[in-house]
Amino acid sequence: MKLSVKFLLFLMILPLIAGEDMSDNDAPKSVDVQRNVKRQGQSQFGEQCTGHLDCFGDLCCFDGYCIMTSWIWPCNW
């Protein structure tokens, strides 16, 4: 029991020691930055594409163009 409490305390303190800034409901800032980095050759909204990986962020390739979708309509059609 004592060991599990110490382990949980360690897991709670670890991000503070590592210097990661955590907000209430967000992932670490490093993850947000990596998620928003545009890869070379990715298309923006309305630009031409050949597949879902060609589109930036949450955009999907539909009928040769990058479009916005929602979680209700994912890119896997």
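In case you wondered, yes, glycine gets a Cβ from its N, Cα and C as well.
Between CYS75 and the candidates CYS49, CYS55, CYS60, Swiss-Prot annotates a single disulfide bond, the one to CYS60. In this structure, the CA atom of CYS61 (disulfide bond) is 6 Å away from the CA atom of CYS55 (disulfide bond). Residue pair CYS55 (disulfide bond) / CYS75 (disulfide bond) shows a Cα separation of 11 Å. Least crowded of the disulfide-bonded residues (CYS49, CYS55), judged by neighbouring Cβ atoms within 10 Å of its own Cβ: CYS49.
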